[in-house]
């Protein structure tokens with residue numbers, strides 16, 4: 001019923017298998033990993049294989065760390081690295097982390113550094129941590145990295161405490177009693193405030209913890225953890241599927257109210273989420289709204305984050321193993337697989353899912369070791385989307401038409417994902433001469449996000465990754481202009497030069513997109529193109545649904561009516577979500593077949609319609625008599641129990 | 001969304017409508033009622049109607065209490081009552097409750113006292129509380145009554161505090177946000193540990209709180225309130241449907257762990273539950289098992305109990321109104337109707353349900369003011385039962401056969417309900433000469449329960465009630481013998497005289513039935529007749545299912561194998577539960593039609609089978625597209641929400 005991790009077994013395997021010459025001094029937990037401290041890392045050069053053999057046997061990741069006594073002086077270390085790594089690696093910086101005994105090497109070509117890693121460790125006594133230096137520089141990315149370096153002490157303490165918590169013996173599940181119970185704290189019959197609580201006899205894990213952007217900052221915009229008698233401090237871990245506010249937006253809020261556990265996500269999600277949250281804080285501050293958490297909480301979140309790669313199994317609790325898979329939705333987006341209690345139950349939580357190739361990403365993974373319950377998003381459960389090429393052609397046509405009228409195009413986008421998708425399309429179209437080479441203005445936030453994209457070529461589609469690694473920047477073109485401040489907006493809008501503006505937020509809930517909208521709306525030659533889903537309750541949704549008179553509070557505090565004369569378009573085919581056909585196709589592909597399908601993250605109609613379709617097409621989908629559930633807010637479902 | 005009880009309105013109505021001559025001095029909450037203190041109750045004789053007019057207007061029950069200054073001396077009061085009430089009333093005792101200003105009059109014919117009630121109040125200044133003195137005396141019943149008298153002070157304080165809590169203004173539901181959520185803490189896919197938590201934005205109410213008698217006293221025998229982050233002190237009230245351990249058995253346990261709210265049930269359920277719980281404590285003590293609560297907790301439960309009559313609407317929380325209806329299952333058994341938040345949602349919880357007439361009771365009520373969700377028991381969801389007459393004939397035939405072989409009959413029964421049913425059948429059969437007039441030995445506990453039955457003729461079937469009120473005792477016959485101690489058991493079993501023994505427990509989980517079973521099992525001329533449901537895990541279930549070698553720990557602490565040679569019968573038709581046909585029939589009759597049907601209190605197969613049948617027969621049942629749910633343990637279902 002439980003893993004019952006046998007620590008003495010792990011210990012004895014490591015002590016027996018490590019070469020005596022390594023001079024092992026101690027073992028430490030570091031979060032889900034085991035740090036093996038040695039006085040003589042020389043063995044790595046001859047018997048490097050032994051580490052992965054041990055790791056395989058004990059089913060744990062191992063980090064070899066050096067005893068502080070053998071670490072060489074900083075100057076010597078830097079000189080050695082520079083001498084041994086070829087210049088083509090493009091090393092940009094070398095920094096020492098005294099706490100961990102790591103040397104952080106930032107390079108444009110990480111592969112060339114990687115090849116010398118063991119050699120550097122053995123010679124200098126410092127463990128290389130190799131970081132990609134992306135073609136576009138991201139301020140946030142750099143802040144995160146230097147944050148980890150300066151808070152290395154706190155971080156190590158946290159990881160050791162986390163390691164102890166993960167590897168403790170099971171308590172309650174020992175007598176064979178166990179259970180797995182889900183509670184839907186949000187995103188049930190709605191899009192927004194995604195949050196699923198997973199409880200077992202041993203653990204409480206949150207899958208996402210976002211806000212509903214259509215509901216301001218009222219209690220009903222938050223996952224209703226306040227109503228189920230659980231304090232944030234009772235939660236063991238949060239798993240964030242991807243960097244959108246409706247999934248990740250309130251993780252720092254948990255820290256503010258006492259959460260002290262780990263946050264698991266991919267590196268890209270970590271970076272993008274940090275960026276989004278900082279922007280969220282700036283926007284709320286600018287609007288004079290009390291934010292639900294502070295920058296300190298965001299920083300604490302970062303220090304408690306354990307970044308994971310796709311397809312790597314990680315222990316996150318005494319009875320739970322986590323694996324992240326590509327979800328195809330945005331950069332770093334993950335499908336969560338939980339293996340609970342040695343086969344007691346297996347959960348797949350799709351987060352937001354794209355089961356189709358986009359410009360940015362490959363389609364979502366669908367093969368898992370085991371699946372009992374799948375929790376699937378249903379955003380487009382009721383509708384099919386136009387094909388991608390049609391959507392691209394429509395976008396280019398509107399751009400061309402607006403150009404011919406002498407107008408400008410505003411594309412409000414989610415800064416993460418859709419903006420980059422549009423940028424790649426526009427850049428390629430201009431390169432290929434399909435549209436004129438006019439300025440494309442990109443606001444700072446979108447630019448930051450794009451820069452982060454360039455740091456993770458491995459997470460992008462095979463095609464984009466290859467172009468990036470080959471030195472090309474597919475997100476850029478000669479007419480692209482990065483905007484830093486707010487000043488030139490009026491100039492841009494009033495200039496006779498046709499242009500395209502890409503700005504967030506994608507649902508006009510705030511940010512520069514709203515400012516541009518106000519400036520551009522009165523001119524009937526201008527166009528606004530929505531390229532993403534518009535959540536109920538947002539300004540974007542109202543305009544998409546036909547509203548043409550919008551009340552604003554102007555700078556003098558008075559209400560002003562804005563008459564929308566610009567053309568408003570909504571192109572559906574760019575979605576990072578699967579449409580109905582793709583959702584069904586995903587269920588048809590997913591392996592092995594689940595016995596329970598739970599539909600979340602969709603408006604009431606979308607979920608009902610999808611559930612109905614799934615019921616009708618059981619045979620085609622190959623799901624046998626699997627139960628189909630469409631939970632309401634606060635519903636709890638016990639997936640398995642023995643008690 | 002909520003009742004928003006307007007206290008100033010209530011206050012002003014009472015002050016305006018009460019005759020000035022009454023000399024109103026103050027108003028007090030007493031639990032769900034309002035106590036109106038007057039200096040001059042004279043008006044009751046001329047304008048008694050005014051009280052019910054006010055009650056109707058403010059939708060509150062009103063108790064007229066007198067100002068202590070006008071209460072006459074005890075001796076004078078007793079003399080006055082004796083002089084004014086006719087001798088045929090059979091007054092047995094008159095006691096004064098100084099705290100409440102009540103005079104407790106115990107009489108055989110309560111009607112004759114009732115007629116003089118106002119007169120007594122006006123003349124003596126003491127409010128008469130009239131209690132039925134039953135033909136059979138029950139020790140427990142008398143203990144309860146004297147307990148209330150001696151703890152009157154605590155009781156009044158509790159009721160006033162409860163009154164304040166019930167009539168407080170709504171807090172959270174004020175802004176229109178509310179929700180109704182059920183959590184199944186037990187009796188989900190099982191029979192036993194019934195407990196449903198009902199949560200709203202304002203209140204937390206438990207429907208039943210029983211144990212699973214088939215699971216000893218392990219955590220898995222208890223409702224799993226420990227796993228949902230709610231402390232007993234957070235609960236506002238418990239509603240107990242009827243006096244069986246699997247519904248009422250752990251209410252004192254809640255008090256032990258901090259529950260401080262009200263317990264609602266019928267008077268008969270209160271008396272029977274008290275008896276059962278005291279017996280439970282004695283049995284656990286005798287067996288050397290640590291009980292989960294103490295006698296003090298049972299007493300506290302009694303002091304916190306608000307006894308309700310069928311069909312009377314009672315406020316139990318700022319946003320919840322409760323009405324109990326006849327459930328037809330055992331004496332005092334109730335169907336719970338909850339009206340939440342002024343029409344926001346209406347719940348019917350059947351508890352255990354008999355939709356068919358029995359010897360003891362009329363069939364369950366099925367008409368309600370409103371129904372959105374019905375939670376129905378499913379004990380016999382998979383099986384139809386023989387007709388009642390067949391069951392009775394079968395019982396009498398076995399008795400006769402055993403008599404002819406010179407053997408004895410053991411009928412293990414639930415002390416509440418089934419025993420009395422069997423007693424009425426045997427008494428009538430002997431009266432009519434259908435079986436010989438042999439001794440029927442009745443153990444003390446069963447006798448106590450029977451005595452309580454005779455105290456509530458209004459709760460029994462019309463027929464039995466009439467016989468009782470007419471002075472007959474239908475539970476008795478000349479050959480019936482009440483046993484007090486344990487001593488004569490061996491004598492009875494070894495005597496050559498044929499006999500019938502009625503003893504609890506009905507599932508052979510303990511009590512005298514097990515002692516008789518051990519003594520009688522070796523004789524093949526003896527018979528044992530099960531007349532009630534055998535829960536999984538009980539000795540009764542094992543024997544019913546064919547076990548004929550039973551291991552016991554004997555008095556010397558050694559394991560002994562008992563070979564069962566007696567005849568074992570199981571007669572299904574006596575059930576106080578509806579069989580499958582009756583359950584379906586109940587759904588067909590229930591008015592108005594619910595939009596959600598939740599099946600609980602049945603083994604997995606029974607529930608699945610019933611759910612399947614309900615789905616198949618939607619049209620016949622007239623339930624349209626109502627949702628049918630079969631929750632697992634710890635499942636939560638949000639019935640309605642606006643948040």
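Just so it is clear, glycine is given a Cβ too, placed from its N, Cα and C backbone atoms.
These features come from TrEMBL:
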- B:242, B:244, B:329, B:352: Zn(2+) 1 binding site (BINDING)
- B:246, B:247, B:352, B:601: Zn(2+) 2 binding site (BINDING)
- B:192-414: domain 'Metallo-beta-lactamase' (DOMAIN)
- B:419-543: domain 'Beta-Casp' (DOMAIN)
- B:4-71: region 'KHa' (REGION)
- B:179-383: region 'Metallo-beta-lactamase N-terminus' (REGION)
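Among the binding-site residues B:242, B:244, B:329, no residue is found with its Cα located within 10 Å of the Cα of residue B:601 (Zn(2+) 2 binding site). Of the recorded residues, residue B:352 (Zn(2+) 1 binding site) and residue B:247 (Zn(2+) 2 binding site) place their C-alpha atoms 9 Å from one another.
Distance noted between the C-alpha atoms of residue B:329 (Zn(2+) 1 binding site) and residue B:247 (Zn(2+) 2 binding site) is 12 Å. Its Cβ taken as reference, residue B:247 (Zn(2+) 2 binding site) is surrounded by 30 other Cβ atoms within 10 Å in the chains shown. Cβ neighbours of residue B:244 (Zn(2+) 1 binding site) (same chain, under 8 Å, six or more residues apart in sequence): B:210, B:276, B:330, B:352, B:414, B:416. Excluding B:242, B:244, B:329, B:352, which define the Zn(2+) 1 site, the same chain contributes B:241, B:243, B:247, B:327, B:330, B:333, B:351, B:417, B:576 within 8 Å (Cβ to the Cβ centroid), listed in sequence order.
If you take the C-beta of residue B:246 (Zn(2+) 2 binding site) and look for same-chain residues 6 or more apart in sequence within under 8 angstroms, you find B:187, B:191, B:192, B:193, B:194, B:210, B:211, B:212, B:213, B:535. Across the domain 'Beta-Casp' (B:419-543), DSSP helix (H, G, I), strand (E, B) and coil residues number 56 helix, 16 strand, 53 coil. Its own atom aside, the Cβ of residue B:329 (Zn(2+) 1 binding site) has 30 Cβ atoms within 10 angstroms in the protein chains shown. Counted within 10 Å of its Cβ, the other Cβ atoms near residue B:352 (Zn(2+) 1 binding site) come to 29, all protein chains included. Same-chain neighbours of the Zn(2+) 2 site beyond B:246, B:247, B:352, B:601, judged by a C-beta within 8 angstroms of the site's C-beta center, are, in sequence order, B:187, B:191, B:192, B:194, B:208, B:210, B:241, B:242, B:244, B:351, B:377, B:379. DSSP assigns residue B:246 (Zn(2+) 2 binding site) to a helix. Per-class residue totals from DSSP over the region 'KHa' (B:4-71), listed helix then strand then coil: 32 helix, 19 strand, 17 coil. The DSSP secondary structure for residue B:601 (Zn(2+) 2 binding site) is coil. In the three-state DSSP scheme, residue B:329 (Zn(2+) 1 binding site) falls into the coil class. All protein chains included, residue B:601 (Zn(2+) 2 binding site) registers 30 other Cβ atoms within 10 Å of its own Cβ. Every protein chain shown contributes to the tally, and the Cβ of residue B:242 (Zn(2+) 1 binding site) ends up with 29 other Cβ atoms within 10 Å.
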